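Novice: Mind looking over this structure? Questions follow.
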């Protein structure tokens, strides 16, 4: 049967018995033994599925090794594995073992990334390949029954998401840094794992940046582009789940930057202005109900910070120190990456015939020529106020040196610090979205004339998520924040085009009127504020 199936899909029997398949099967058994010691696959629960890495075969066409269900995971042998085709059909099944061992069974986890649970097993597994391996480019999927992954879903029985921020291990999750908020969707458990198909599929589609889905009172599914990536993320997720549980036991909130006391919202007619849940709406100074807000996203220049600080302090500092910075750090990986990004951008600028662009030679033409060309391009880009990632990354690295040497101190308007603290205390998550790099944003808010304000911020967005004048960027932010209704996000900016783009994406938008800001079109249609105290 195995030989016939193998021939049908184009894999000879010799390949099924070859080095790559054997090594992958051995690796699955080794990982299952390790995960058993971690408590992730005890009681025959949990599973691992993994691509057979073979450099000669495109990833979508590689075979899949899957651990069986209902067996002692710590006692499995390589010959106990199922071998699946790229489309999910079973090529080879393990032979039964004598009593008291149970007959082998393909894990119930198999169809969990499929759309239609009424499909046959083979078709279900083809859907699995589409969801886990093609859609997410996964190389391995881990299903854990670890205690922490179960308990963390019970902390807030009605919550549809797990959230945590400002923890070092968040850096181990794809696309996240220390200051970012990690959001993991939570779906409800069912009696049988294959009945989770629809809800798990919807969660994956609704959270495109997620690499895990929690199942309440059950466990977690985690995937990565390789077995190493999946394992690393699994370890980080379990650490973060455990940390959230311990913080909760101490009465502390893992979802806030300072991990302060958990705030209980009490609905009281006598104290509605101070006790009202942030999702239910609040009264403004005219006793008008404002929209409910879960998150506030702030622009920087002209919104939190005077335009003059950026144009008269930060930009000149970067422009005047770019040559010195490049000379001192030229051989570092960071600076080489900055030069690579700029070279790529300049090549595109030259194709478009942009003024001021000069070719950046490659390293073999000499350090001096490279630096001179970079300096020339940076000056032209800065003068044109280009909002491009390549320039912003380099500027951020130059400003970092300035802040570290106390040559720079950032400025925010006097109402900003108080507002950030108030929103933070109210349970509203505050984020920054600026054309400046995330590094530059953290430096700015970490070194202000009012002290370190990063503790009030839940995350940072820059132009890597998209242009600030395009609505799709704000849709991407909404998906990243895991907010179902985009109108629960308030965006504050001084730029009319940015407010328009945010509004088109469904966000509430307010325009900031500050000294030195550009004038607005007549009948622009947006609410304006001159101080954050008016929000």
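Think of each number as a place in line: the chain as shown, counted from 1.
Placement of Cβ uses the backbone N, Cα and C atoms for every residue, glycine included.
For reference, TrEMBL lists these features for the protein:
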- 1-253: region 'Methylthioribulose-1-phosphate dehydratase' (REGION)
- 26-245: domain 'Class II aldolase/adducin N-terminal' (DOMAIN)
- 109: substrate 1 binding site (BINDING)
- 143, 145, 218: Zn(2+) binding site (BINDING)
- 168: active site, proton donor/acceptor (ACT_SITE)
- 296-535: region 'Enolase-phosphatase E1' (REGION)
- 299, 301, 494: Mg(2+) binding site (BINDING)
- 434, 435, 468: substrate 2 binding site (BINDING)
Novice: Using Cα coordinates, what distance in whole Å links residue 145 (Zn(2+) binding site) and the residue listed as 'active site, proton donor/acceptor'?
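Specialist: The separation of the Cα atoms works out to 24 Å.
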Novice: Around the C-beta of the residue listed as 'active site, proton donor/acceptor', how many further C-beta atoms are within 10 angstroms, looking at every protein chain?
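Specialist: Result for the residue listed as 'active site, proton donor/acceptor': 11 other Cβ atoms within 10 Å.
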Novice: So what sits near residue 218 (Zn(2+) binding site) in its own chain, CB-to-CB under 8 Å and at least six residues off in sequence?
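Specialist: Listed in sequence order: 145, 150, 153, 189.
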Novice: If you measure from the CA of residue 299 (Mg(2+) binding site) out to 10 Å, which recorded positions from the list 168, 434, 435 are inside that radius?
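Specialist: Cα within 10 Å of residue 299 (Mg(2+) binding site): 434, 435.
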Novice: Can you give the mean pLDDT for the region 'Enolase-phosphatase E1' (296-535), rounded to a whole number?
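Specialist: Over the region 'Enolase-phosphatase E1' (296-535), the predicted model scores a mean pLDDT of 92.
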Novice: Sorry to bug you, but what's the C-alpha spacing from residue 301 (Mg(2+) binding site) to residue 434 (substrate 2 binding site), rounded to the closest Å?
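Specialist: Each residue's Cα considered, residue 434 (substrate 2 binding site) and residue 301 (Mg(2+) binding site) end up 8 Å apart.
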Novice: Write down the Cα-Cα distance for residue 301 (Mg(2+) binding site) and residue 435 (substrate 2 binding site), rounded and given in Å.
Specialist: 9
Novice: Which residues does residue 494 (Mg(2+) binding site) neighbour through Cβ under 8 Å, counting only same-chain ones at least six apart?
Specialist: 299, 301, 302, 303, 307, 511, 512, 513, 514, 517, 518
Novice: Using the Cβ center of 434, 435, 468 as the substrate 2 site position, which other residues in that chain lie within 8 Å, going by their Cβ?
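Specialist: Counting only non-site residues, the set is 299, 300, 301, 387, 433, 436, 462, 463, 498.
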Novice: Rounded to a whole number, how many Å is the Cα of residue 168 (active site, proton donor/acceptor) away from the Cα of residue 468 (substrate 2 binding site)?
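Specialist: Residue 168 (active site, proton donor/acceptor) to residue 468 (substrate 2 binding site), Cα-Cα distance: 29 Å.
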Novice: State, in Å as a whole number, the widest CA to CA span among the substrate 2-binding residues 434, 435, 468 given in the record.
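Specialist: About 8 Å separates the two most distant Cα atoms.
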Novice: Taking just the CA atoms, what is the gap between residue 143 (Zn(2+) binding site) and residue 468 (substrate 2 binding site) in Å?
Specialist: 38
